[in-house]
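**Student:** Below are the structure tokens for one structure; questions will follow.
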Amino acid sequence: MFTTASASATLPKDLFRAIEDLKKELNAIVLAHYYQEPDIQDIADYIGDSLGLSQKAAATDAEVIVFAGVHFMAETAKILNPDKLVLLPDLDAGCSLADSCPPTEFSKFKAAHPDHIVVSYINCTAEIKAMSDIICTSSNAVKLVNQIPPEQPIIFAPDRNLGRYVAAQTGRDLVLWQGSCIVHETFSEKKMLQLKMEYPNAEIVAHPECEEAILHHAHYIGSTTALLKYVESSEIEQFIVVTEAGIIHQMEKQVPHKLFIPAPPDANCQCNECPHMRLNTLEKLYLAMKNRTPEITLPADIQKKALVPIQRMLTMSA
Ligand code: 13P
Ligand code: SF4
């Protein structure tokens with residue numbers, strides 16, 4: 001496990017340069033999610049949503065994958081690359097949504113619905129993936145569920161908000177596991193509508209992990225990559241962004257003349273920043289590469305079983 005003791009080691013003055021040097025030395029690729037702090041996004045070789053990151057992890061010929069994201073994302077990269085070294089700057093970078101679906105309880109839930117197949121959102125542990133038939137992400141969930149024969153009953157896990165959204169989009173009667181993300185359930189409908197009154201020309205763009213009351217007001221709903229593409233191509237100049245605030249760094253880089261307003265959380269906090277994602281820092285990323293730890297490891301049987309539904313997703317979303 002990564003400890004703060006190693007963080008006290010002397011750090012180079014120019015971390016960006018040192019990380020670039022280590023990339024060459026290790027033949028490493030740095031993959032980062034949009035919810036990472038801006039410095040990490042800027043040093044990454046590839047930034048993307050969960051689907052893009054999985055596709056990149058599946059295709060890379062780098063020997064080492066440095067995953068700047070949360071544990072389930074790095075785990076997915078390891079499942080796709082069992083023989084490669086996969087590093088996560090801080091092993092404690094978990095996910096409240098993945099934690100909301102413990103394997104023992106989910107196994108009982110599955111047993112109570114024996115004729116159902118399991119479609120699991122990628123934001124779950126490797127154990128849950130191993131119990132699933134198809135993995136999906138927020139960008140392909142609707143497309144994948146639409147490919148399942150209509151008579152086939154489906155459990156959708158673990159996110160109840162994405163599940164409800166997919167059910168509405170596909171007209172399917174999904175059996176939902178009642179999990180959720182602390183960040184996407186933090187937004188206040190009232191404060192968001194007040195903001196909309198202050199910026200009447202702004203459009204609301206939201207991630208499907210948000211609650212129904214929020215999505216109801218959204219002009220556009222999509223994964224982080226889809227939101228980014230939408231704000232780039234739209235003629236609208238102002239957006240209220242209802243997802244983790246890290247994506248705004250990329251939006252401002254892509255279309256600097258537009259205004260992006262982070263949607264306010266319910267409490268007076270920075271709860272629209274994912275506390276798990278933000279555990280990774282540029283310093284920890286450098287140290288992980290320098291020390292080749294902490295690395296992701298998984299039991300071989302789980303790794304093998306979890307690969308099947310992930311590969312199914314990659315094939316079905318091609
Ligand atoms: P994306 O599918 O947009 O990457 O969502 C990932 C995530 O963690 C949302 O909370
Ligand atoms: Fe998990 Fe939510 Fe953080 Fe995404 S934003 S990693 S779903 S806790």
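The backbone N, Cα and C atoms fix where each Cβ goes, glycine too.
Below are the features I grabbed from TrEMBL:
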- H33, S50, Y121, I122, N123, S138, H207, P208, E209, T224: iminosuccinate binding site (BINDING)
- C95, C181, C274: [4Fe-4S] cluster binding site (BINDING)
**Student:** Going through the binding-site residues C95, Y121, C181 in sequence order, which have a CB under 6 Å from an atom of ligand 2?
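**Tutor:** From C95, Y121, C181, counting a Cβ under 6 Å from ligand 2 as near, the near ones are C95, C181.
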**Student:** About how far apart, in whole Å, are the alpha carbons (Cα) of C181 ([4Fe-4S] cluster binding site) and H207 (iminosuccinate binding site)?
**Tutor:** 11
**Student:** How many other Cβ atoms sit within 10 Å of the Cβ of H207 (iminosuccinate binding site)?
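**Tutor:** Taking every protein chain into account, the count is 28.
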**Student:** Ligand 1: which of the binding-site residues C95, Y121, C181, E209, C274 have a Cβ closer than 6 angstroms to it?
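**Tutor:** Among C95, Y121, C181, E209, C274, near ligand 1: C181, E209.
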**Student:** Across the listed iminosuccinate-binding residues, H33, S50, Y121, I122, N123, S138, H207, P208, E209, T224, what is the farthest Cα to Cα distance, given in whole Å?
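**Tutor:** The two farthest binding residues have Cα atoms 17 Å apart.
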**Student:** Report the same-chain neighbours of C274 ([4Fe-4S] cluster binding site): residues 6+ apart in sequence with Cβ closer than 8 Å to its Cβ, ordered by sequence.
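**Tutor:** Sequence-distant Cβ neighbours: Y35, V70, V183, E244, G246.
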**Student:** Counting other CB atoms within 10 A of each CB, which of the binding-site residues C95, C181 comes out lowest?
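**Tutor:** Among the binding-site residues C95, C181, the lowest count of other Cβ atoms within 10 Å belongs to C95.
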**Student:** List, in sequence order, the residues of the same chain other than C95, C181, C274 whose Cβ lies within 8 Å of the centroid of the Cβ atoms of the recorded [4Fe-4S] cluster site.
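**Tutor:** For the [4Fe-4S] cluster site, the extra neighbours are V70, S96, L97, A98, N123, I182, V183, H184, E244, H276, M277.
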**Student:** Where does H33 (iminosuccinate binding site) sit in DSSP terms: helix, strand, or coil?
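**Tutor:** Looking at the DSSP assignment, H33 (iminosuccinate binding site) belongs to a strand.
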**Student:** Including all protein chains shown, what's the count of other C-beta atoms within 10 A of the C-beta of E209 (iminosuccinate binding site)?
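**Tutor:** Counting Cβ neighbours of E209 (iminosuccinate binding site) within 10 Å gives 25.
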**Student:** What is the interatomic distance between the Cα atoms of E209 (iminosuccinate binding site) and C95 ([4Fe-4S] cluster binding site), given in whole Å?
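**Tutor:** The separation of the Cα atoms works out to 13 Å.
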**Student:** I'd like the number of other C-beta atoms within 10 A of the C-beta of H33 (iminosuccinate binding site), please.
**Tutor:** 26
